[in-house]
2 protein chains.
Amino acid sequence: MLAEFDLIRRYFMSPQEAQATDGVALGNGDDATLLLPQAGQQLVVSVDTSVTDVHFPCDAPAYAIGHRALAVALSDLAAMGAASRWCLMALTLDQRVFTDSEMAEHWLSEYASGFHTLCQRHATILVGGDVTSGALTIGVTVMGEVPIGKAMTRSGAQAGDAIAVTGALGGGAGGLGLWKQGERDISHPLLQRYLLPEPRLAAGIALRGIATAAMDISDGLLADLAHLRNASKVGAAIDLEALPLVDGLEHQVGLEAARKAALSGGDDYELLVTLAPADVALAQAELAKLGIPLTVIGRCSETLGVTGVAPADYIGWQHFSGVTL
Amino acid sequence: MLAEFDLIRRYFMSPQEAQATDGVALGNGDDATLLLPQAGQQLVVSVDTSVTDVHFPCDAPAYAIGHRALAVALSDLAAMGAASRWCLMALTLDQRVFTDSEMAEHWLSEYASGFHTLCQRHATILVGGDVTSGALTIGVTVMGEVPIGKAMTRSGAQAGDAIAVTGALGGGAGGLGLWKQGERDISHPLLQRYLLPEPRLAAGIALRGIATAAMDISDGLLADLAHLRNASKVGAAIDLEALPLVDGLEHQVGLEAARKAALSGGDDYELLVTLAPADVALAQAELAKLGIPLTVIGRCSETLGVTGVAPADYIGWQHFSGVTL
């Protein structure tokens, strides 16, 4: 018998005591966590839920499930240009999938490893959480900081600004497609992109003060661009040929399907930013230092709406689409 | 068809624009929320997950589900003596339970009403969230503030301190029992206690600087007291006859079962505090101003362990108990 408190202690307590500089005055193990945000910073918070068979395949590797649940949440901090500091994890576990305790321990240890490894990579401390039973669901709350007034938002784009994306697109949809076809070699580059996305935190910080608007691409480029356009009250002209497609995707599915994946597949967790044309070269140089490409894919226009893509490409990820709710 | 973004906008955007004094620099609708914590305060954060048929009956009124999911999270802030300020809600909705859109709208509107009403009562602003599909699960992250160094923790109890509880105990278990027996009149006092618990935020703030240790009673008095004893390295002598039983419970189930509910039933969301004996009267006077009783139910001892109760009473709520995980 593994009680809830043992579970939490064993896998989710921070491996080492938090340091004073970490801003954690009281960590795991009390009713709540006490944090000391830094003076001159705004607190940047977001929550993301990952549900089995909705956001990830139920048979995905546990390591990837832990990594991915945190990555998609951190991606929102990246989009604000925030430095990540702390997170909370609400884990709902379906005990019925474990036929024996060895299997359960293995799953949990792999899951925790995926989660903690990404935490360490981004100096993020797991400061609290909750473990309950039910259908596997992971809610991650992330908290970061940004100097007051310096956060990137969705609403600052101006007509004439360049539209650019970090990295390459289409890997999320391409990886999901491969997984559905039975590919299980997790070292496959497309599966890496789908199952182990890297939140663009360093890129977000580097683009702070340069980009006029930013958001992350989680629902698909066009769907997310629509949010940015609405918030900024601009239109967009997209240059289809400029879309940076993830390596190997065109070879796998053909050019048309690859572009469709890039436009509306979702799950890419790249940053979508707008920039004054004069700042594009500076932004590209800053990201080049991090080894991250930044590709101009279009331009903001005064005329609302989108040009350069067919209406059929304009379908984003909607949890409730097609359902009469 | 009700898309995810419409859903969020319709029911979960803050009804009015946040004020500058609310510390919300950028609210719902961007990748993340920007908050401005007050100088001289520590940030107090906690997350609680409520799963259908685990933490509440699937056929509970939607208003109560919304209220309760927030209440159990706020209860943790109360236990720290924090003032509640902001919350995030991760709602996973099972669309299959809605046979038509009218039913869905009614459920969501009632749910949102329960959630928002409690938000307003405790000056808590819903600053972000996430709506996904899956088994009904609600994760609530709450954020409050407490002056630096003034939070109540579980670890400050000393041998000789009085052990006291706010309000009355046994209502959670009593209400759950009634619900299982088919009682559906939500105005029944025991159902109110189970389905619509009131987090003791004002009591927590009033006890700040007086209580030596504090926590909330969610898993059952004895189970929670064990956490406090372990954190403070003290034992406890309980006075069974002093337990404040919720009105009507003894009449409903008899004295023995009522005491058992108070000791280990859980879901009461009262505060469990320890106090120097000289401060008991002051604490009681402060809570009397709020109309909340504070009852001494025992004393901390140097000898570890608990006296005054039978071992059989010593069973708390364990999500994974009895399951080989």
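Just so you know, glycine gets a Cβ as well, placed from its N, Cα and C.
What TrEMBL records for this protein:
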- B:29-146: domain 'PurM-like N-terminal' (DOMAIN)
- B:ASP31, B:SER46, B:ASP76: Mg(2+) 4 binding site (BINDING)
- B:ASP48, B:ASP130: Mg(2+) 1 binding site (BINDING)
- B:GLY129, B:ASP130, B:ARG154, B:SER218: ATP binding site (BINDING)
- B:158-302: domain 'PurM-like C-terminal' (DOMAIN)
- B:ASP219: Mg(2+) 5 binding site (BINDING)
Looking at the binding-site residues B:GLY129, B:ASP130, B:ASP219, whose Cα is closest in space to that of B:ASP76 (Mg(2+) 4 binding site)? B:ASP219
Just give me the nearest neighbour of B:GLY129 (ATP binding site) among the binding-site residues B:ASP31, B:SER46, B:ASP219, Cα to Cα. B:ASP31
For the binding-site residues B:ASP76, B:SER218, B:ASP219, which ones lie near chain A, with a CB less than 8 A from one of its CB atoms? B:ASP76
Overall pLDDT of the domain 'PurM-like N-terminal' (B:29-146), taken as the mean: 89
Given a separation of at least six residues and a C-beta threshold under 8 Å, show me what packs close to B:SER46 (Mg(2+) 4 binding site) in the same chain. B:ALA73, B:ASP76, B:LEU77, B:THR141, B:VAL142
What does DSSP assign B:ASP130 (Mg(2+) 1 binding site), in three states? strand
Nearest by Cα to B:ASP130 (Mg(2+) 1 binding site), of the binding-site residues B:ASP31, B:ARG154, B:SER218, B:ASP219, is B:ASP31
Neighbourhood of B:ARG154 (ATP binding site), C-beta criterion under 8 angstroms, separation at least six: B:ALA213, B:ALA214, B:MET215, B:HIS227, B:LEU228, B:ALA231, B:SER232
Identify, in sequence order, the residues in the chain of B:ASP31 (Mg(2+) 4 binding site) that are 6 or more apart from it along the sequence and have a CB within less than 8 Å of its CB; answer 'none' if there are none. none
Can you tell me whether DSSP puts B:ASP219 (Mg(2+) 5 binding site) in helix, strand or coil? coil
The domain 'PurM-like C-terminal' (B:158-302) - residue tally per DSSP class, helix then strand then coil: 67 helix, 28 strand, 50 coil
Maximum Cα-Cα separation in Å among residues B:GLY129, B:ASP130, B:ARG154, B:SER218, which the record lists as binding ATP: 32
What's the CA-CA gap between B:ASP48 (Mg(2+) 1 binding site) and B:SER218 (ATP binding site) in angstrom, rounded? 11
Could you break down the residues of the domain 'PurM-like N-terminal' (B:29-146) into DSSP helix, strand and coil, giving a count for each? 43 helix, 46 strand, 29 coil
Counting every protein chain present, what is the number of Cβ atoms, excluding its own, within 10 Å of the Cβ of B:ASP130 (Mg(2+) 1 binding site)? 24
Determine the Cβ neighbour count for the residue listed as 'Mg(2+) 5 binding site': the number of other Cβ atoms within 10 Å of its Cβ. 23
